[in-house]
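*Asks:* Can you read through this structure? Questions will come right after.
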Amino acid sequence: MMKHGKSEDVFKYIEKTNEKNLYRINKGLVPGMNVEGNIYVNEKLKLLIDEEIKMYQLNKCSTFLPAVIQIANVSTLPGIVKASIALPDVHAGYGFSIGNVAAFDMNNEKAVISPGGVGFDINCGVRLIRTNLFYNDIKDKQEELAQLLFNHIPVGVGSQGFILCNQNNLDDALSLGMDWSVKEGYSWIEDKLNCEDNGRSLYANSDYVSVRAKKRGITQMGTLGAGNHYAEIQIVDEIYNKKSAKLMGIEKKNQVCIMIHSGSRGLGHQIATDALIEMEKIMSKYKINVIDKQLACTPIHSPEGQNYLKAMGAACNFAWINRSSMTFLARQAFSKIFNQSPDDLDMHVIYDVSHNIAKIEEHFINGKVQNLLVHRKGSTRAFPPFHPLVPLDYQYCGQPILIGGTMGTYSYVLTGTEKAMENTFGSTCHGAGRALSRNKSRNALSYSDVLSNLKEKNISIRVASPKLIMEEAPESYKNVSEVVQTCHDSGISNKCFRLRPVAVIKG
């Protein structure tokens, strides 16, 4: 429940700071705030946040609380440090808003872990694969490529993959992550080196994944899923930092890349559901009273907290294997069309990032190094140059950050900064962020108009479910360029290069 009856009562707790694009949620907006909230938005994006508050009060919004209230609610959780942080693509979600970063002190025995701070699609993330092809090489094969990718990569709700495994293989996969993909021949060794955490969560233990979750995952390896997940053929449209782009193998405009956005499918969803049910029942044992039951949590070091961390790690490994399997299928498709090997086509993974995850990391807090459990829900890690966890290839430019746009709009590659380490626990945005609910999109937008707009932009589209055409239209989302520019201007990430889609594959 919102504490305040009028939107004006909420707005008085939100103040603009002297720092560009930074607003503060002061203590008092909701009872029991341990820290303040920080919101990174420019003036245009701030209007969308304000509108969400007003629409909720008029009962014209989703059943979720407005993002601003959710950011404040997260600040009440035990063990949170520094601030509850919202990034420019923030919007309401389950418990935590999407676009929220929150870190908890590992040395505080009361500090918590919350599945709502990770999300249901554990390790939903983005992978970018480069090629040595240019638009002129594919423009006459664009439709053929789109259809072949659609044929190769299983899409849609409940889709089943070509990468079949038995129960024993699944347990190995959940424990090993991309090491399993390399062993089975679905990944190159170089792929895992340019992947967050080398594509393997060391927390993972498949023993803590329920039988039901495993049953949901065993047939879904190498599947895209539905909703906002996609595989896109893109071309480099603009290069902002030539030195950094060159380190990623990008040197000229019109170079062809493939972007894959997917996660842990039904397996991750079931793990999140199982943990939320268990934690909601057990919170009273630890004398935890949350302001919103969707924030169900337990102490990090409790048996329940550790069980979730191990199961979540297994889901992370599944997601990395999932994106790796689709990389394998995309390489096959391109090889078939161009009659060259994927290696000859230089189909190397530039990077693979997660934007729904919780991880133990070291950060400076008040001049001291602390071990923190950083929850990133709809936000991306943004580590700077020379950070030990940044791959060797990118030590001089910082971690690549992959920002997916919307169907028919730009995507971006950014790099991490020191300011992100100082202000946002090494985090930045993850995408555009929804502006309209799926229901509103279906009611407000025309199927034929959206298809016509894509055709005008010469974008080939393949989609399993026609309703997704409206639900995933650019009008359903915030302006991704505004989101990216806000982060760039705030110094929490730097623009490197921009891509535009020429073919879109969706569930």
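Cβ coordinates come from backbone N, Cα and C, glycine included.
Keep in mind that this is a model prediction, so the values were computed, not measured.
Sharing the feature lines straight out of Swiss-Prot:
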type	residues	note
BINDING	Asp121, Cys124, His229	Mn(2+) 1 binding site
BINDING	Cys124, His261, His355	Mn(2+) 2 binding site
BINDING	228-232, 355-356, 404-407, Ser411, 430-433, Lys506	GMP binding site
ACT_SITE	His430	active site, GMP-histidine intermediate
*Asks:* Taking Cα-Cα distance, which of the binding-site residues Asn228, His261, Asn356, Thr406 are within 10 Å of Asp121 (Mn(2+) 1 binding site)?
*Replies:* Asn356
*Asks:* What are the non-local neighbours of His430 (GMP binding site), defined as same-chain residues 6+ apart in sequence with CB under 8 A from its CB?
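*Replies:* In sequence order, Leu87, Asp89, Gly99, His355, Gly378, Ser379, Thr380, Ile403, Gly404 meet the Cβ cut-off.
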*Asks:* Where the distance is taken from Cα to Cα, which of the binding-site residues His229, Asn356, Thr406, Gly433 turns out closest to His261 (Mn(2+) 2 binding site)?
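*Replies:* Out of the listed candidates, the nearest Cα belongs to His229.
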*Asks:* To the nearest Å, how far is the Cα of Thr406 (GMP binding site) from the Cα of Cys124 (Mn(2+) 1 binding site)?
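*Replies:* The separation of the Cα atoms works out to 16 Å.
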*Asks:* I want the residues beyond Asp121, Cys124, His229 whose C-beta is within 8 angstroms of the mean position of the Mn(2+) 1 site's C-beta atoms, in chain order.
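*Replies:* Surrounding the site, in chain order, are Gly125, Gly225, Gly227, Asn228, His261, Ser262, Gly263, Ser264, Arg265, Ala319, Asn356.
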*Asks:* So which of the binding-site residues is most packed in, judged by how many other Cβ atoms lie within 10 Å of its Cβ, out of Asn356, Thr406?
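*Replies:* It comes out as Asn356.
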*Asks:* Counting every protein chain present, what is the number of Cβ atoms, excluding its own, within 10 Å of the Cβ of His229 (Mn(2+) 1 binding site)?
*Replies:* 23
*Asks:* Which residues in the same chain, at least 6 apart in sequence, have a Cβ under 8 Å from the Cβ of Ala231 (GMP binding site)?
*Replies:* Leu149, Ile153, Leu224, Ile258, Met259, Ile260, His261, Met326, Ala330, Ile505
*Asks:* Sort out for me which one of His261, His355 has the most neighbouring CB atoms within 10 A, since those are the binding-site residues we care about.
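*Replies:* Answer by Cβ density within 10 Å: His355.
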*Asks:* When you tally the Cβ atoms that lie within 10 Å of each candidate's Cβ, which of the binding-site residues (Cys124, Asn228, Gly433) has the highest tally?
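*Replies:* Buried the deepest by this measure is Cys124.
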*Asks:* Can you give me the residues near the recorded Mn(2+) 2 site, meaning same chain, not Cys124, His261, His355 themselves, Cβ no more than 8 Å from the center of the site's Cβ atoms?
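*Replies:* So the extra residues in range turn out to be Asp121, Asn123, Gly125, Val126, His229, Ser262, Gly263, Val353, Ser354, Asn356, Gly404, His430, Gly431.
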*Asks:* Looking only at Cβ atoms, how many others are within 10 Å of the one on Asp121 (Mn(2+) 1 binding site)?
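*Replies:* Asp121 (Mn(2+) 1 binding site): 23 neighbouring Cβ atoms within 10 Å.
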*Asks:* What does DSSP call Ala231 (GMP binding site) in the simple three-state scheme?
*Replies:* strand
*Asks:* Round to the nearest Å and give the CA-to-CA distance linking Cys124 (Mn(2+) 1 binding site) with Asn356 (GMP binding site).
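*Replies:* About 6 Å separate the Cα atoms of these two residues.
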*Asks:* Write down the Cα-Cα distance for His229 (Mn(2+) 1 binding site) and Asn356 (GMP binding site), rounded and given in Å.
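*Replies:* Answer for this pair: 14 Å between alpha carbons.
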